[in-house]
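Below is one structure, written out as structure tokens; comments come after it.
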Amino acid sequence: MMSNGGDSSEIVRELEELKLKKAEIEHRISTLEAKLQDTAAVELYDAVSNGDSYLTAPELEHGLSPDQIYRYSRQLLLPSFAVEGQSNLLKSSVLVIGAGGLGSPALLYLAACGVGQLGIIDHDVVELNNMHRQIIHTEAFIGHPKVKSAAAACRSINSTIKVDEYVEALRTSNALEILSQYDIIVDATDNPPSRYMISDCCVLLGKPLVSGAALGMEGQLTVYNHNGGPCYRCLFPTPPPTSACQRCSDSGVLGVVPGVIGCLQALETIKLASLVGEPLSERMLLFDALSARMRIVKIRGRSSQCTVCGDNSSFNKQTFKDFDYEDFTQFPLFAGPLNLLPAESRISSKEFKEILQKKEQHVLLDVRPSHHYKIVSLPDSLNIPLANLETRLNELTSALKEKGNGHANTESCTNPSVFVVCRRGNDSQRAVQYLRESGFDSAKDIIGGLEAWAANVNPNFPTY
């Protein structure tokens, strides 16, 4: 035992001596490397002082630095792009409106390829359900402004470009001032009022607009207001019906679809900025993810009768500032709760919880689409999608009769009650309006829908 102890002590002592020698050797290596660098610097200085200019960085007519030549070398090697394209790109400025599914890939590629000045505007914060498609963000930025997250990502890719941050919503009150600072505008938003507003502003400022859209399994892309081409209003003088306008958060999107369109938005922007290639003006690219098919269609040219860019248009900057785009499109700029019903036609999620606890007779009608209902639902609920409610009222009547032991009356349906739920409390209000008009006087909306249930009653209830 003693000899083993002695052996251990000897090993420890020898190990410490070796560690000390290692530290001394590493210190000596660092010292010699520093001296070598100093010697090389002195030799270079002496050579330059003696007129040996071949050792200095050459003065290049195109103005690109050695670092820029190396960073962008793979682009410089392209005959169709070359030095001229890169120089134009470095002098350009681009504003990307929206740092979401479309803006994420567009921003990353624009930063990487060397756009000189890159602006990012978005009022929203990063959420977990952004991760599958908004690839510029990471989980570390959840709860933080998207602009801050996107700007950090762009700077981490290319620290040599200027990145401007606008943590605010784009409105008529600030759009002219912000957009006027950039050469090219990229619309990466997802709602009609923003599209009209951005296009109108670009017309007033004479800016080309790279516009993309992605929803579900489809996407599209075009360039407006370029070389005499049309603006958004030329194609859509009248807003589409609100039933045809949906956001990704409502209808869903496969993450890679906005990724494809966002990359193509970056490409069109690079073509505009570098003066290389043929931008998608007066043409529209359509992408179908399910068939992996892309096609380009001809779209109508600029309309001389357009109320904004037409020959006799009286639309000006003051008109723009005073214009109500939400009223024009009948669509909100930002997704939020509707308020369609009087207070007596609504109950809170906590009040509905009390009804369940008291075991009061009722029918819980879930008016979400059936594929939403399959994701998650409250127990003992009846699923009739809002779009089918009119043709399937008999199912609700049957459910009421069953709950009321055959005493429910289809004329009044006062007992038991009908409580209507949806995802966020908007479609349920529309359903209650229709039900009350149809004689179901006891119908009430559950305020805030399933999201409110998860927030106020059951934190373990999944949201999506």
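A Cβ is built for glycine as well, from the same backbone N, Cα and C atoms used for every other residue.
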Among Gly101, Gly103, Gly206, Gly212 - the residue Swiss-Prot places in the same ATP site as Asp122, Asn129, Asn130, Met131, His132, Arg133, Lys146, Asp190, Asn191: Gly101
Local confidence of the prediction over the domain 'Rhodanese' (358-462), expressed as mean pLDDT: 91
Zn(2+) site, defined by Cys231, Cys234, Cys306, Cys309: further same-chain residues with Cβ within 8 Å of the Cβ centre: Ser199, Val203, Asn225, Pro230, Tyr232, Arg233, Arg302, Ser303, Thr307, Val308, Gly310
Summary of DSSP states over the domain 'Rhodanese' (358-462), given as helix, strand and coil counts: 41 helix, 16 strand, 48 coil
Nearest of the recorded positions (Asn129, Met131, Arg133, Asp190, Cys248) to Cys234 (Zn(2+) binding site), judged by Cα-Cα distance: Asp190
Shortest C-alpha distance to Cys309 (Zn(2+) binding site) - which of the recorded positions Gly101, Arg133, Cys422: Gly101
Residue with minimal Cβ packing [other Cβ atoms within 10 Å] among the recorded positions Met131, Cys248: Met131
Cα-nearest neighbour of Cys422 (active site, cysteine persulfide intermediate) within the listed binding-site residues, Gly101, Asp190, Cys306: Asp190
